[in-house]
Amino acid sequence: MAVYTLLLIVAIVLIGLDLDAHKADTHIWGWFVGGLFVLFSLPISFWGILQHVINYNKPVLQRCEIRIMWMVPIYAADAWLALRFPTAAIYLDTIRECYEAYVIYSFINYLLLYLWEKHPFLERELMAQPDVKLSFPFCKLKPWDGKKFLNRCKHGVLQYTVIRPITTSLSLICELSGVYHEGDFRADSAWPYLTFIDSVSQTWALYCLVLFYKRMKEDLRPMKPLNKFLCIKFVIFLSFWQDVVISILVAIGVIKGQADWVLYDTKKVAAGIQDFAICIEMFFAAIAHYFAFPHHPYVDETQEKPSFFQALCHMFKIDDVTSDVRDHVRVVGKAASRTFGVNLPTSQHRSYGTAGAEDNVPLIRYSHDSDDDSMAVSFDYRLKSAPADTESLVNFADFENLPAAHQGNSTQTTTNGNSDSCSDSANL
């Protein structure tokens, strides 16, 4: 790491002197400065990921953390390439935006897996406690009981996992068809409609995440969830609204291209500024992620670990994602069919106790005899089908030994998490 840093500093100084001597254009300096921040952010992220892989003692939790940590190098490299090759930006941005959905899924999965390890019957425990009052602006709606709270928060976050890739794909198709018109509010432009759908979906996902955090923060306290929540909000939600604001400012002429931006017409200025900003922001995000998702709780020299190659293979598995998204779509589809009086054919659910089921820990499963809008969750199968190897749900990090140790395993029965009112904000 020290050698890399030294070589990087020397290279930066030499390149900077060369650019200054040749009176480089503004966009060339943009590539250089953006690349500078990317080169500093990548080793920080890769070092954190590598430490998790080396100490891969708790695969169920660490896989989720590594997926989230990959967000920084993917965002940084993607943004710089889009900045350097603006004609390919639409394709590169598609990759970045789809990974957003993957990160959101991994984060809610990570939180739930941690809670379910300590509270295998979390739904029942929540049902025995006071209903959860909603925060502003839905504070006048009927409070959610434990079952509704848990399921609606999960599905509220997961809907973004489904909607975001769809709208991103539609944006790409519209751009190639010449009807996207980024930053244009005309009726024949696809940008305002897709942006509106994304903003509503993302806002609801964020609302559900904040509501979930406020209710469960005492049970999540040992894992220091606030830092993790802030990292997710900063990288995903802030970058989305930053993109929207920049696009609008460029469209109304507040931000204009310069004569020496030879590769950027007015249409590409918004994307270029957004990509440049992301290059810089990812350096700070890399530092934040390194401390928010540390590997230290998983260090255990006495425990037998999988090989480096086995850890890498497990890290890149997506069986749990496809399974949970499929179940989410099935749940929502069933609820919608009942709402509109349409009888959809039923299908057999995958058996989680069959071979191969131990490779993932499903997030959602609903039952046919649910009394909660087909959004009930079965927790028993998690204990019955959990394998005895490192995939077991009992094989989790020992967060109890951290300084902010959590005392006791019972969920909070105080009214703190349930007393949200219109006067409360949804800010973390």
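The backbone N, Cα and C atoms fix where each Cβ goes, and this holds for glycine too.
No curator has checked TrEMBL annotations; they are predicted automatically.
What TrEMBL lists as compositional bias 'Low complexity' is 407-419.
The region 'Disordered' annotation in TrEMBL covers 405-428.
Among the features that TrEMBL reports, signal peptide is placed at 1-21.
Here TrEMBL flags 31-54 (among others) as transmembrane segment.
Taken from TrEMBL, the feature transmembrane segment applies to 66-87 (among others).
The transmembrane segment annotation in TrEMBL covers 99-116 (among others).
Here TrEMBL flags 190-213 (among others) as transmembrane segment.
According to TrEMBL, the feature transmembrane segment maps to 234-255 (among others).
Marked as transmembrane segment by TrEMBL: 275-293 (among others).
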Sequence-remote partners of the transmembrane segment (66-87) [C-beta within less than 8 Å, at least six residues beyond its ends]: 30-31, 34-35, 37-38, 41-42, 44-46, 48-49, 52-53, 93, 95-96, 99, 102-103, 106-107, 110, 228, 231-232, 235-236, 239, 263-264, 268, 271-272, 274-276, 278-279, 282-283, 285-286, 289, 293, 315
Highest-contact recorded stretch vs the transmembrane segment (275-293), from 31-54, 99-116, 190-213, 234-255, CB pairs under 8 Å: 31-54
Positions whose Cβ lies under 8 angstroms from the transmembrane segment (99-116), at least six residues beyond its ends: 60-61, 64-65, 67-68, 70-71, 74-75, 122, 153-154, 157-158, 160-162, 164-165, 205, 209, 212, 216, 219-220, 223, 225, 228, 232, 235-236, 240, 320-321, 324-325, 361, 363, 379, 382, 393, 396, 399
